[in-house]
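Swiss-Prot annotations:
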- C462: heme binding site (BINDING)
- N191: N-linked glycosylation site (CARBOHYD)
- 22-42: transmembrane segment (TRANSMEM)
- 304-324: transmembrane segment (TRANSMEM)
Amino acid sequence: MSTLQDFQIAPAILHRVTVRDASAILFCTLLTVFLFISQGTVRGVKRVGKSRLRTLVTGETPLRFDLEKYGYLGYQQFSKKANKPFLVKIYGLDHYVLPVKYLDSLKTVDHHRLSFAQSLNDFLNVDASLGDLVTHSDMEIAVVTKHLNPRLTTLTPVLVDEANFAFEKELGKLETWKTVNALFLSAFLTNRTSGRVLVGDLCRDDNYLHAMMKYTESVFSSGVAFNGIPLGPFRKIVYYLGARQHRRDLDNAAALVLPEIKRRMAAQAEDPNCRKENDAIQWNLDLPLASPKEGLPLRHAHRVLHLSFAATGTVAILITHMIYNVLMYPEYLEPLREEVMACTKAHGGWTEKAMNEMWKLDSFIRETLRVQPPSVFTAYRTVKNQPFTFPDGFTLPVGSRITFPTLPVGLDPENYESASEFDGFRFFRKREEARLAKKAYNWGATKIDSSFLPFGYGNQACPGRFFGVRKTKILFGKLINDYDFSWAEPRSARPENIVIEGQILVNPTPEIKIKSRVAAGM
């Protein structure tokens, strides 16, 4: 339905109104059209979805909760059939959803032309709480690429140690069945384990843990709260006013990080050769400053907390998806356990070599991401500084937002055999085939290609995926090795996901029964 059709007014009403009334109606109609209709879209690109007014009038599911459906429709009708973009509102903003033929441009074009940070800032309204933190510099990315990723091998024992503490703290030795919420368990395990690398010893301070989790949980809810309202030019001010509680959560968490940041800054000022910790707080302090304000203690605190948001939420959701999958497909549980036990026994525990040989677990992670990716769409970018032209001549004006159809691509039968079915060892078999044929294996859980986009694509793909997959292996591997678990209540179907603004969120309500395994070996 055309958006203009949503604003038709019955002639029977019009002939009874005065000139003043008509002027008021005309003004309100024009204002509403201004707010409801996107400006400056590229001619010839078709829109999918439904207007906000239509869903209000008809009672249909609003588009922001129905993007899985319209992502598929647009993919089939435009991306696949015509190899063309389509337009859809995501996060209340127009996005061009591009066919995969345009992915290669993301490999070479830098963030000054096509910016993921600008997209993130705009669709989650990050500036309502953190100002220009994610757009002013790439220091947050540099913490991951220049410090975290090169240290992952040496950080493995640290992660394992903290995972052991997290399991002891959250579960301990359970001789009888205990009922827990699956997502809450995953979230606490993930946040405790991640925290050791992000904030060092502060991770074991429960006051900090709860304050940080309250902040990270409100990033998404605060960032999308008003997207169902056509705010137009008032979007930023409305989100700023609406984010007061979120900013309070941020302040509370920052107040617990700031003393440690200030202590270290003072120690380094007194003695540049002083002992340094091996965590994200220190890596922030060691980075060259993009500008003087990036060196302020509060700015460092905000960067650490935003990194915590990025490092924990998606991993907790992924682990919960994996719990649901292994309960719905129990035939995978024992082979996964056997692999974990064999690898840890052969290599003396959760070592780098042990994890590198957990091929079935790696496959299970990748298949979960294929079927239940973090979002219907990924590889978001915003055109900056000047119009951007793709190799085939398709041109987008400055300010245009693009993305790619991750879930439809992952479930496309042209990309995967029996694509709609969950096959936990799909990529393990590919690995075995490659090994027997003496060919390179390109289907590891962190490997990105044009048919696997959960981590984005190109030179701004998720740099934290290596850290995320490593934590997932440790936490899920220890969970299945050390504990038995089942649904708290019998289920015949997998809990339905919740999709908001294209984000695929795990159903937060299911509970599981859990107890220690008698045969647990590690």
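Backbone N, Cα and C atoms are what each Cβ position is placed from, and that goes for glycine too.
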Worksheet item: What residues in the same chain, six or more past the boundaries of the transmembrane segment (304-324), come closer than 8 Å to it by Cβ-Cβ distance?
Response: 126, 130, 133-134, 140, 143-144, 182-183, 186-187, 189-191, 194-195, 198-199, 212, 215-217, 219-220, 250, 253-254, 257, 261, 280-281, 284, 364-365, 368-369, 372, 374, 464, 467-468, 471-472, 475-476, 479, 485, 494-495, 505-507, 510, 512
Worksheet item: Rounded to an integer, what is the Cα-Cα distance in Å between the residue listed as 'N-linked glycosylation site' and the residue listed as 'heme binding site'?
Response: 19
Worksheet item: Can you name the residues of this chain that are 6 or more positions from C462 (heme binding site) yet have a C-beta less than 8 Å from its C-beta?
Response: F455, G456, G468
